[in-house]
Amino acid sequence: MLDKGYINHQEISTITINQQTKQIETFTRLKMAGSHALVMAVLVMGIAFHSTLIDATIAKSMYFNWGAHHSSILGNGDDLRLVLDQTSGSGIQSKRAFLFGSIEMLIKLVPGNSAGTVTAYYLSSTGAKHDEIDFEFLGNSTGEPYTIHTNIYTQGQGNKEQQFKLWFDPTSGYHNYTIHWNPTQVVWYVDSVPIRVFRNYESEGIAYPNQQGMRVYSSLWNADNWATRGGLVKIDWTSAPFVASYRRFRARACKWNGPVSISLCAIPTPGNWWMSPVYKQLSNGQQAQLKWVRDNYMIYNYCTDFKRFKGQIPPECSKPQF
């Protein structure tokens with residue numbers, strides 16, 4: 001069922017929270033009553049909950065949160081241009097926050113001499129203890145490849161960077177960048193190819209992003225103090241304006257309606273498709289794709305940076321991630 005817009009947010013949110021609270025109470029009672037009743041409840045709740053999935057245009061799902069001076073949403077509302085010039089960059093964010101699911105966007109990166117620019121596409125909550133899952137595309141001089149910078153923050157702590165080159169020109173056409181996130185793992189995909197996995201080892205004291213709803217953000221900005229060769233290559237403003245193009249934002253994800261969503265978004269119902277066993281671990285074919293990317297295109301991994309961490313490598317680095 002498609003989302004028809006964001007009219008009367010407060011009323012819709014209140015209704016949804018009440019529905020979710022009743023569903024959790026029902027789920028708990030029926031779990032105590034027996035397995036047959038539980039199965040029937042899961043089926044009914046899954047059908048009802050499916051209506052919370054978002055499949056709308058960029059214009060209906062997102063808004064400019066800064067620097068919209070030259071940026072624009074075009075066509076039927078599903079094409080976006082973010083612009084960076086000497087006056088400002090620009091950014092956009094989703095109207096809703098989500099907890100678990102699949103967030104995807106088609107992106108065509110800044111062509112030509114993009115050195116010093118960063119196109120960011122990420123999920124984030126707010127506050128000092130925020131969670132965040134990042135794609136950042138670091139520009140480069142004409143003819144040199146982009147760098148994909150990935151990171152994940154849990155409870156405000158990041159420092160989990162992994163970087164990759166791409167096996168194609170990301171400026172010549174649109175490519176799909178997807179963040180898939182469930183209670184078991186976070187997976188970064190490029191054109192359906194997994195490039196990174198971060199698994200849930202919360203039971204072993206390693207923080208995992210499963211308690212906070214996150215909105216979707218994208219921005220194009222001046223980062224020439226670090227983005228290209230550690231800041232040695234600066235932006236060439238004679239090449240401005242710089243333009244990143246987007247299409248078809250899709251959040252097939254669980255809407256965040258406060259703490260009640262922590263339980264509801266993790267219930268294994270048909271509507272919560274990300275809870276299916278097939279999404280608990282990469283398939284053998286996907287693991288082969290992941291290995292190919294990491295063997296051939298990974299250029300930095302925080303888990304092998306012994307000097308940076310003075311020999312104290314973060315604990316998740318010793319755990320299987322795929």
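Cβ coordinates come from backbone N, Cα and C, glycine included.
It should be emphasised that the depicted structure is a prediction, and the values quoted were computed from it without experimental measurement.
Features as listed in TrEMBL:
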- 15-246: domain 'GH16' (DOMAIN)
- 37-54: transmembrane segment (TRANSMEM)
- GLU132: active site, nucleophile (ACT_SITE)
- GLU136: active site, proton donor (ACT_SITE)
- ASN140: N-linked glycosylation site (CARBOHYD)
Alpha-carbon distance [GLU132 (active site, nucleophile); the residue listed as 'N-linked glycosylation site'] in Å: 25
Predicted model, mean pLDDT over the domain 'GH16' (15-246): 85
Set of same-chain residues at least 6 away whose C-beta sits under 8 angstroms from the residue listed as 'active site, proton donor': VAL118, THR119, ALA120, TYR121, TYR122, ILE148, HIS149, THR150, ASN151
Count of other CB atoms lying within 10 Å of the CB belonging to ASN140 (N-linked glycosylation site): 21
Neighbourhood of GLU132 (active site, nucleophile) by C-beta distance under 8 A, where only residues 6 or more apart in the same chain count: TYR122, LEU123, SER124, SER125, ASN151, ILE152, TYR153, GLY158, PRO209, MET214
